[in-house]
Amino acid sequence: MSMLFYTLITALLIGIQAAPHTESNVPAGHAIPQAHWIKLQHSLDTVLRRAHSAPAGPIAARVAGQTHNITVDPKLFKKRRLRSPRVLFSTQPPPVAADTQDLDFEAGGASSFNRTHRSKRSSSHPVFHRGEFSVCDSISVWVGDKTTATDIKGKEVMVLGEVNINNSVFKQYFFETKCRDPNPVDSGCRGIDAKHWNSYCTTTHTFVKALTMDGKQAAWRFIRIDTACVCVLSRKTGQRA
């Protein structure tokens with residue numbers, strides 16, 4: 001930035017010295033052509049535009065080949081509005097087995113960022129008491145290979161797979177939940193009266209903030225991910241309440 005400032009000052013001084021202020025103070029035969037002055041002004045405008053468009057905030061990042069070359073300021077993850085319990089930046093895959101749900105990734109630690117108090121996740125189903133069953137069967141996993149997603153405007157965007165934080169490559173993970181089977185039983189959802197109701201299990205979605213590509217810069221966007229499995233009911237034709 002200092003080099004750019006020095007260049008601007010130098011060009012400005014040259015322009016001031018070369019500019020003809022009046023007819024009386026310019027020696028005969030040494031007048032600067034108007035075309036040269038226009039060219040100098042155009043060069044200054046170009047430099048100013050480049051300086052104005054250069055990313056300066058912590059969110060902005062330049063792409064230099066591969067995605068892990070995108071550098072992100074770790075202070076960015078301390079902003080509460082950018083945190084999500086379903087999004088994790090980590091150098092290692094998060095634990096997903098039931099016997100590892102007591103493991104935690106501390107926010108700002110050596111291996112992960114942007115963790116919150118809701119950090120314990122498991123791919124296993126909730127523990128039901130004897131005689132209790134889930135209407136739909138779901139599966140939850142940490143997804144670390146997401147490359148594209150749909151944003152809140154319905155537009156397909158590119159998701160950043162890796163970023164550089166404190167000279168370490170962190171992968172972006174998403175905790176997603178979806179239906180294991182649309183029909184856990186032959187009639188549809190488990191425990192539904194098939195005589196009066198049609199039913200099936202379907203995956204629902206929500207939007208979380210994630211790092212995506214916006215042109216040649218990294219930017220936060222709300223993207224859609226799978227978050228739950230629910231049962232959809234419809235009354236069978238001819239049935240009355």
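We count from 1, first residue shown onward.
From the backbone N, Cα and C atoms, a Cβ is placed for every residue, glycine too.
Listed in Swiss-Prot for this protein:
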- 1-18: signal peptide (SIGNAL)
- Cys136-Cys201: disulfide bond (DISULFID)
- Asn166: N-linked glycosylation site (CARBOHYD)
- Tyr173, Lys209: 1-acyl-sn-glycero-3-phospho-(1D-myo-inositol) binding site (BINDING)
- Cys179-Cys229: disulfide bond (DISULFID)
- Cys189-Cys231: disulfide bond (DISULFID)
- Lys209: 1-acyl-sn-glycero-3-phospho-L-serine binding site (BINDING)
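Distance between Cα atoms for Lys209 (1-acyl-sn-glycero-3-phospho-(1D-myo-inositol) binding site) and the residue listed as 'N-linked glycosylation site': 21 Å, as a whole number. Fewest other C-beta atoms within 10 Å: among the disulfide-bonded residues Cys179, Cys189, that description fits Cys179.
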